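Q: Quick one: this structure, given as structure tokens, is what I'll be asking you about.
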Amino acid sequence: MAADVGSSSLQLPCVFSPKSRQYLALCAQDGRLRIWNTDSKTLHQEYVPSAHLSATCICIAWGPCRTVKEGPQRKKRKSEAVQEEKADLLAMGTAAGSVLIYSTAKGALHCTLDGGHSGGVNCVQWHPEDGLLYSGSDDTNIVEWDLQTGKARSKWKADRAAVTSLSVSPDGKLLLSAGQIIKMWDLDTKEIYRKFTGHSSAVTTLRFATTRPPDSNGLYFLSGAAHERLLSVWQVRQDGKDKNSVVSFTLTDEPQHIDLVQSNNKEEAVRLAVVCKDGQLHLFEHFLNGPCKKPLSPSCSVQMSDTKDSPVPIPLLAAALTADKLSVQLAYGNHLQPVMERVEINTAERHICLTRDVQTSLSLTMETSVSKVKTPIVNNKSKVLVPGLPGHQAPVKGTSEKRKKDTDTKEISIVERLGEIDLSTVPSEKGAPKGTASLQTDNFAVLLVQGLESNDASILNKVFQTRKEMVIKKTVARLPLPAVLPLVEELTKRLQGHPFTAVLMVRWLKAVLMHHTSYLASLPDLVTQLGVLYHMIESRVKMFHKLTKLHGKLYLLMTQVATGDSSNTVTEVDHTAKLVYEEESSDEDEASGDEALRDDEDSDNWEEDEVLGEKMEEEQVDEEEGDPDIRRDSKENGEEDMEHGNESEEE
């Protein structure tokens, strides 16, 4: 039976060879395949695919063990009479959609299977006998490969979503495939035999747990999905009422590597070893006989830690069950240099912690004397040409005559460089070249790293004095990841100082959180390292709420005082008319106006009016006596009667 398949690009594939567990295959992030010998604890082989950078390895699976007389090894080992079955072929699914077949006996690539998939290959599974290989991809298809011809025998659409996991039954007649819904296929007809509910997220593991035929109600398989802390067991029933799981195994985290010993009959228990994402190993042993309502806890859990005063957990990479029930083959440490060990485990204890002294430092040597920077000797007569057009001289900026003399004897120190570079402001002239801003931010990033490594306050002060948001963002973006945490610690120290410097430090802290939040979140002890910063921000935010209330009250008070002062300073309104308009009127209007004026006068003026009226009547009588014609006309017109009537009315 093939070993477990690495199913996610986040989890690096790590698989033991079947049966003897002699080899451990590991695929690194750069696409290199490393095969370690578990007996000698040494690197057995290393293979670098031609497209290892563009098409990284996503999943690997060992083929079934075979004797050396089979297949392409017949001529190569004709003189050796070795009849033992060994693990030879290893299938690797790549992100480019191809499947690579590597031979450990040759130590080279056996063949390449191309043209079957248009998306990345997520899972590969071997047929137990017929020399066939099955692959599932992001293009939702399953391809059946024939290794004799190196071509695809058949291809069919398996799901609406990507196919993330595959498993072939022990008799080679059924195939399990899953995206989120689990489907069982008849390999003879390539039609669906059963369909199961599946999981809410992508299924990462499918394994047959028993070797019994499906028509006996004794065929079981298990599945695990991303972001789920359990393994579900499904029963293939003859009546078809098998859409839901019957048993659940509880875990501490998402399963990453699974190895099991299948059950051949009802009296034989299934043995299961699960390595979770948190680096723990859980061992299960259970008799599969119908549904079980309660989730099953592991019979034994194994953790590893180092031997320091404050123990640090060592992550387990893979585990393999052996024929001996008391021992387990483990691989732990890091992927570049794993440690392999066969450990005897007492399953009577529920929790076991193994302490090991693991050297985490890799033996990578590097000659540093070659990378020494030397300043070339430049004479006054020599010309420096700009690459590109011939004859163009580059503008060489000489700071002082002393600098030119010293170039022959010694290199420029960091203090001199700081003095020559004006870090506070850079004048933005129209004729300035476009590359000055990037050049300055590069200098900032280099100086910031140097200041953090050497703990030089003068360098850090120069860098932190800048106020330009764009320069700060680009500088933080160019920082290497190991310098991010020291920068946060330095900013935390400076935030506790004067408020003026705290305003500048907040800009840098904001840029760090914008660019490097994902890196900071991946640190295991982030809470302890950023605890001081968190408590300081929390205390200042509490004061800010009270200050905003005080600010609001003071604002209302000051506005009331201001409005009171403004009301007292209002000047008196001038009532004199700016413009007078008189309209010309007729005699009738004047008479009516006179009558209106008379009606409005006070009663005190009645005597004066009567005296004036009598005088006017006497004058009128005298005029009439002197002129008889006027008197006669007035009598004819009836004016006299009207005048008497008016006088009586006025009286």
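In case you wondered, yes, glycine gets a Cβ from its N, Cα and C as well.
Sequence annotations record features per position, and here TrEMBL assigns repeat 'WD' to 114-155. Sequence annotations record features per position, and here TrEMBL assigns region 'Disordered' to 388-409, 580-651. Residues annotated as compositional bias 'Basic and acidic residues' in TrEMBL: 399-409, 628-651. The annotation domain 'Small-subunit processome Utp12' is assigned in TrEMBL to 455-557. The compositional bias 'Acidic residues' annotation in TrEMBL covers 582-627.
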Q: Across the repeat 'WD' (114-155), what does the mean pLDDT come to, as a whole number?
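A: It averages 91.
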Q: Based on DSSP, tally up the residues of the domain 'Small-subunit processome Utp12' (455-557) by helix, strand and coil.
A: 86 helix, 0 strand, 17 coil
Q: If you run through the repeat 'WD' (114-155) with DSSP, how many residues end up as helix, strand and coil?
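A: Result for the repeat 'WD' (114-155), in helix, strand, coil order: 0 helix, 23 strand, 19 coil.
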